[in-house]
Amino acid sequence: MDIIALSGINIVYAVASLFLLAAGLSIIFGMMGVINLAHGEFLMLGGFAFVLSVNAGIDFWISMFVVAPLVVMFIGMVMERLIVRHLYGRTVETILATWGVSLFLIGVTSVTLGYQQLGVSAPLGSVEIGDYRVGGYTFFIIGLAVAVLAFLYAILRWSSFGLKARGTMQNASTAATLGVNVGYVYSATFGLGAAISGLAGAAFAPIAGVTPVSGLTYIGKAFITVIAGGPLPLIGTSTASLLLGFINSAVTAISTPVLGEIALLAAAILLLRLLPAGITGRFFRGGL
Amino acid sequence: MKTELTSPAFIAAFVIGGAIVFAAPLFLETYDLFNFTVFAIMAMLAISLNFVWGIGGILSLGQALFFGLGGYAYAITAINLGSGWGILAAIAVPCLFALIVGYVAFYGRISDVYFGVVSLTISLILYNFVNSTSDAFYTIGTARLGGYNGIPSVPPIQAPWAAQPLGFEAMYVLCALTALVFYLGVRLFVSAPFGRVIIAVRENDLRAELLGYDPRYHRLVVFAIGAAMSGLAGAYFAAWGAFIGPDTFSVSFAAQAIIWVLFGGLGTLIGPVVGALSVSWFTTWLGEVRLLDPNIALGLLFIISVLLVPNGMVPALRRLLERLRIVKERADT
Amino acid sequence: MIVETSDLWRTFGGVAAVAGVNFKLEPGELRCLIGSNGAGKSTFFKLLTGQLRPSKGHISILGRQTTTSQPFEISRLGVGIKTQVPNLFEGLSVRENLHLAARRTHAGKATRLAAEAMLEDIELADRAGAPVRELSHGQRQWVELGMVLVSEPKLVLLDEPAAGMTQAEVERTAMLLQRMRKDRAFIIVEHDMHFVRNIAERVTVFHRGRILVEDTMEAVTSNTEVRNAYLGQKFGKSHE
């Protein structure tokens, strides 16, 4: 019985992690059609901002919920302003340029911060389930994923920014003729995606530590989740996280994490064979 | 195209270029020759990526993974069965893998961008997988995969009729010659009827399809050939350094291949070779002088290539020369 | 029957763009499909060419079931297809475009001869070496018509071949089609009434995803039901 509860928690945790890792990427992809190859570095920078800020004596939660998102949001908006903005509508060039940014950020952090791993220990103790112990932080990650989903939904659904962003997503030129400042919307969307990535990076730092190449361990999963999810950022990423997180944790449980990752990739590729535009390319049209 | 191939100027340039390449062992130090060999191998990878991406229009961001697969296939097979079989495996394994991935992707009509990201993700996950194989459990025949330590003591290439494996000079000539064959092969391919259809599919796949060409099939063929080419380059690389490691699956290596092609000129024939040589030389030099972290340099080069020289250096230089010629002509008259 | 559809449906998220169309085309017939915007002509066209899959119903073309065929398979039956937007190999020359089209059905030297003959037919021999992206809109449309016809198709499907053309170009296109008519069957989706009157024998009027009327051009123009369907869209007056 306990083992079943434990497995259940592991699966939910895997789903929540996937969603958190992919959410920032999916906002940028879903709203702007831009695949940000520097997404992994956004996560990494979020992790560093968080760890350095905690080490500097700033409160754990403030570091996570304020410092990390703001730092990465700023970096994201600078990047949008300097590079991505000049490439709108040219998807392939955008991918390539953001890849350049990714390498650049890895280089800069390894020069300034070195290659050694930085970390902060996870708070919140642990919970006993029968003979097993589960870290309280596991539940925090699950809760955080739910909160991020709710927050993004609320912003996109009810805020005036959300309305403008959705309009721009549907048809940028029509939105522009209606007086929406499309450049501002893109910049803000990029900033929002980057902030969420920064938060996610911070949230995983106590578990996995941070190095300049930390991003690389996350992006494979993030890309696959977003692409399998398709164009709608929230429904797409959450349904894909559900499906792939389940497969990933089930295979990991009976073999190794690497095989779990391979299974996740294989499942996603098979999914794309059936639904070339991802889950929301076929279903849930017109949602978020 | 056909007339260009038989034009005297082209043949002359080719003969002179070839002569310089093959005379190199006569006046180069062993160390330089060693470096030139790896440049030739990188040129092979660049040509194969350009073949898939520039000619075939397939956004194969993770193309370098076939290089890694070829290297590993060579290493494992050569350790067990000898280098001849190793070369065959290095061509066959990546080709087969590309056929499977390509079949799923192209016949499923996955979009270009999705394909690019998926191919990169495959590379990432192979990287993680190979890194996790340090356990002795991952042994094929007598070859241990070795995880992040890679496979050491990869046997050199030896012709079945020869008593000795290839030495430094012979290895250099083999690599340079193969690069030359790749270059010529792609050049011939582009002007051949099948190559024209490939370009038609790249230019407008719906139109090609409405004319009765199956774009899925054509893409698959190009992708598989390109993978085999990259695989062979990977085999040479493993034989050259007597080593193959998981870094061949790393994102930064995949990025390097992309930069070579992009910087030199995507879709041009000589551009990717120029890009591979100049950028490899540049990063080697950076490594020696320790001026700048190579990732920073590559990242900046990447961004600059996309933003400022979107068609690559070779076309940009060509335009510059053309402009200078016009200016000069005007000045003359 | 050259083309036959039975109870053909295509829905997009609950909206039926094509709603139970039964369509027949006899050998050698030239049929124009007309109807207001959103009447379902273009969706019907895409179903015939394999660019879309029907939600329900069957299609047979030249005696084969093509309901689930890919576009290239339909093309290989001997069907020439021109889509609505000019769809060309922009970077290749006029000659290369025609050559690629001819190569599927001609062998060796015949390919070149067919392409050269078509260059004359579409009166673009003097621009043969130019990349098609440098041509005018009308010329590009003719290149595409040439690509469709050079493969000697048994059935020709054209989606708005006269779209965006000047009056003179429209007339020239109509003449070109008459000349290339031979004994082929044609289905032409067209907005330009001037063009339709120039060329059509029978027309099929689409309305709300269904076939409203199928008759001669004269009969259709005087049909009040058709006039109502167009809701005063100057039907029968100009080429609007």
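Keep in mind that glycine also has a Cβ here, set from the backbone N, Cα and C atoms.
For A:12-35 (among others), the entry in TrEMBL reads transmembrane segment.
Residues 34, 38, 42, 45-47, 49-50, 53, 58, 94, 97-98, 101, 186-187, 190-199, 201-203 of the same chain sit 6 or more residues outside the transmembrane segment (A:64-84) yet have a Cβ under 8 Å from a Cβ within it. Per TrEMBL, the feature transmembrane segment maps to A:64-84 (among others).
Among residues of the same chain six or more beyond the transmembrane segment (A:96-115), those with a C-beta under 8 A of the stretch's C-beta atoms are 34-38, 40-41, 44-45, 48, 79, 83-84, 87, 211-213, 215. The transmembrane segment annotation in TrEMBL covers A:96-115 (among others).
Taken from TrEMBL, the feature transmembrane segment covers A:135-156 (among others). Non-local neighbours of the transmembrane segment (A:135-156) in the same chain are 9, 12-13, 15-17, 19-20, 23, 27, 122-127, 162, 165-166, 192, 196, 199-200, 203-204, 206-207, 233-234, 238, 288; each lies 6+ residues outside the stretch with a CB under 8 Å from one of its CB atoms.
The annotation transmembrane segment is assigned in TrEMBL to A:192-210 (among others). If one looks beyond the transmembrane segment (A:192-210) by at least 6 residues along the same chain, the residues whose Cβ comes under 8 Å of a Cβ in the stretch are 17, 20-21, 23-28, 31, 36, 39, 42-51, 63-65, 67-73, 75-77, 79, 117-123, 137, 140-141, 144, 148, 152, 155, 217-218.
Using a Cβ-Cβ cut-off under 8 Å and counting only residues 6 or more beyond its ends in the same chain, the transmembrane segment (A:222-247) has close neighbours at 11, 14-19, 21-23, 25-27, 29-31, 33, 35, 39-40, 43, 149, 152-153, 156, 260, 263-265, 267-268, 271-272, 275, 277-282, 284, 287-288. Among the features that TrEMBL reports, transmembrane segment is placed at A:222-247 (among others).
Sequence annotations record features per position, and here TrEMBL assigns transmembrane segment to A:253-275 (among others).
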